[in-house]
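As recorded in TrEMBL:
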type: DOMAIN; residues: 13-104; note: domain 'Clp1 N-terminal'
type: BINDING; residues: Glu18, Lys59, Asp121, Val122, Gly123, Lys124, Ser125, Thr126; note: ATP binding site
type: DOMAIN; residues: 118-304; note: domain 'Clp1 P-loop'
type: DOMAIN; residues: 310-420; note: domain 'Clp1 C-terminal'
Amino acid sequence: MSTEKKVIQEFVLEQDNELRFEVESKNEKVYLTLKSGLAEVFGTELVKAKTYEFTSGAKVAVFTWHGCVIEVKGKTDVIYTAKETPMVIYSNCHAALELMRMEAEKDNKRGPIAMLVGPCDVGKSTVTKILLNYAVRMTRRPIFVDLDVGQGHISIPGTIGALMIERPASIDEGFSQEAPLVYNFGHKAPEPNTSLYQIVVSQLANTVKERLEVNKKTRSSGVIINTGGWIKGSGYRQLLDSAKAFEVDVIMVLDQERLYNELVRDMPQFVKIIFLPKSGGVVERSKSIRSESRDQRIREYFYGTPKNSLYPHSFEVKFPEVKIYKVGAPALPDSCLPLGMKADDHMTKLVLLTPNAGLLHHILAVSFSENEEDIISSHVAGFVCVSMIDNERQTITLLSPQPKPLPNNILVLSELQFMDTH
Ligand code: ADP
């Protein structure tokens, strides 16, 4: 039994103040309770006297519009109160989007399609979450789109997706994951295959636009799109293409004036470009922390969170029972290409793989497509992980959230790997 006493600290926050803390040490737990007043974490209101639990890796800001008293129990690595925050500016953005939604509702038109852009670690995902939470607290039903393949806020890393938001994010578990629409890209950054990235983004955009057509409430609520931090060179052109595919009305640029000016120059006039300052609280993440949090996301996909454990299944499939594809074939020199084929077409070519040891620990997307032609443009049913390949018995052992049988025998290889240490 630990003899160490839990540290209990009380913080009295004035209006517009923010209490920021980080939990870094492994196996450490920090408990947060709102004693009095009103407060929110990234747009989700805290319930008075309820205790919230945060584990290693958490970087949290408790903001109050009116003043409050907060109790924090447990060992935090950093904890301080900030008096300067950009929350009023973020809240003004929400108010502007809300006006657009009211107009849209009146005329039965499409509400604002807003996109958050900026370099890495400026708070894009956090502002996206704040704006979605504020919208849903006003009884809107916006669609959250995540184009950031690096972290995967909707599904696992290496994917993009959309989720209809029906209630505020839970403080410790995020947005509830009911029926997300997920497309597999298979890399943790768009660079390795920009042709494929563009195809899946356009496909997602079309499906999201269809959903806006069929649901009146969602149509007027609009869409909020989070993007990755690749904004230079072809990353910038990629952003322009994504903005075009979703037919955005508003682009919010976090922290980078150069990007803001480029977008003002290159986007059509009817698209509003807004510059937003970054919060001083946003924490920079090193490469290793990013990679750890990717691992954590995949682990959570299979095993759930401490509060909500999941029990994945492990089963064997015989080699002929599944068809495993890889997207992108080795490049051929121009002179060897068939007539009319472009050099980068090979990046979206499907290659049927013979199961081999190279697949070990890789994530495979379970496609919804019924034939080879539709694989790239189909969204996915879910993911499995290859935990063993037995060449002699011709079997693959898969870790899967669902028991056998697989919903489809078409599987697509992802570059992402997961070492199951359970
Ligand atoms: P981006 O999407 O631009 O890469 P994030 O929104 O993911 O950035 O923010 C990076 C990290 O900073 C996240 O862990 C987030 O929880 C944390 N963070 C964001 N805003 C604040 C804040 N005001 N105070 C403390 N931590 C914050």
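Cβ coordinates are placed from backbone N, Cα and C, and glycine is handled just like the others.
Mean pLDDT, taken over the domain 'Clp1 P-loop' (118-304), works out to 95 on the 0 to 100 scale. Fewest Cβ neighbours within 10 Å among the binding-site residues Glu18, Asp121: that distinction goes to Asp121.
Of the listed binding-site residues Lys59, Lys124, the Cβ environment within 10 Å is emptiest of other Cβ atoms at Lys59. When DSSP labels each residue, the domain 'Clp1 C-terminal' (310-420) comes out as 18 helix, 46 strand, 47 coil, counted as helix, strand and coil in that order. Remark: secondary structure over the domain 'Clp1 N-terminal' (13-104) totals 18 helix, 40 strand, 34 coil, with classes taken from DSSP. Other Cβ atoms within 10 Å of the Cβ of Val122 (ATP binding site) number 22 in total over all chains.
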